[in-house]
Amino acid sequence: MPEIFKYQDPFQLENGEVLPELEVSYSTLGKLNKEKSNVIWVCHALTANAQPEDWWRGLIGNEKGIDTEKYFIVCANIIGSCYGSTNPKSINPETGEVYGLNFPLFSIRDVTKSLELLSEALEIEHIQFLIGGSMGGMQAMEWAIEKPDKIKNLILLATNAKHSSWGIALNETQRMAIEADSTFYKKETNSGKKGLEAARAIALLSYRNYNTYRHTQVDQEHTADHFRASTYQKYQGEKLSKRFNAKCYWYLSKAMDSHNVGRNRGDCKKALAKIKAETLVIAVQSDLLFPVEEQRFLAQYIPKGKLEIIDSIYGHDGFLIEVEKIKSLVHKHFKL
């Protein structure tokens, strides 16, 4: 079960705003050895939680790619997410009311700052492997830049150094869908539910691609309505709205847009040059959201960066689905 780390001091955000207090939900697997040298930290993506054994099945667990008998695995729920960390559904201690849309905007750097505070509370001085895909890769990258001596090995999947105009446009389109749901502005916990469903359906088009749907959502030859692709989009939207919150999704997408390792560091190349970790960058050939060229850039400018490209029909979601291929590449480059 997840635990809660409570940071009682005011938590200042990159934009100058302050959270009066901060809670970070996290989970651990395995045991920390005496030398504290067996830590693997997993950073999760947009709507995931702090239990990677659930959403990265086959990669994390006993006798899996990352063996919990050998390693101490930590995963923390990010700020703004509705799985236990401080988020728009939380109570503002200064007002006694739910934050809602009064929650401050935050950045990927703020998320990384919260992870560092948690690691200090857990007395973890060094991380053997830091792993993250998509938005999780953004966090891992920032952390490796901010604390280069702390991270020994870094694995980045389907991510980038700066969120692209394409990615920002997709996120803005999803926020427009959420905002078009008039209930989004109400205080109820499930407000904006229909807007969130539409946003998820939009997002899915960038997570998959033409070939994904061509292979997985094929109709009978004479079908004239009630197409599988239509049903699938609605199903995925409803599936997310049952477990997630529209306001949290809105804020997390804004945080994703903020990602730019070069901000106030000269540029992205100079920022990436600060990373000391042995780094494996994994791209998915068919990824529309984070094209291969973005991972090629990372591998080129991270001093010890190496690039591997996975062939998959699943697009961006390949970083979650192609577990066997990922496992093989990780073991090819590292002794786990």
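All positions are counted from 1 along the displayed chain.
Including glycine, each Cβ sits where the backbone N, Cα and C put it.
These figures come from a predicted structure and were not determined experimentally.
Swiss-Prot lists 38-321 with the feature domain 'AB hydrolase-1', giving sequence analysis as the kind of evidence.
A sphere of 10 angstroms centred on the C-beta of SER134 (active site, nucleophile) encloses 26 other C-beta atoms. Swiss-Prot lists SER134 with the feature active site, nucleophile.
Listed in sequence order, GLN174, GLN236, GLY237, LYS239, LEU240, SER241 are the same-chain residues six or more apart from ARG200 (substrate binding site) with CB atoms under 8 A from its CB. DSSP assigns ARG200 (substrate binding site) to a helix. The annotation substrate binding site is assigned in Swiss-Prot to ARG200, ASP317.
Per Swiss-Prot, active site is recorded for ASP287 (among others). Long-range Cβ neighbours of ASP287 (active site) (same chain, at least 6 residues apart, Cβ-Cβ under 8 Å): ALA158, GLY315, HIS316, GLY318.
DSSP assigns HIS316 (active site) to a helical segment in the three-state reduction. Positions annotated as active site by Swiss-Prot, on the basis of sequence analysis: HIS316 (among others).
For the pair formed by ASP317 (substrate binding site) and SER134 (active site, nucleophile), distance between Cα atoms is given as 9 Å, rounded to the nearest Å. Cβ neighbour count for HIS316 (active site): 27 (other Cβ atoms within 10 Å of its Cβ, all protein chains included).
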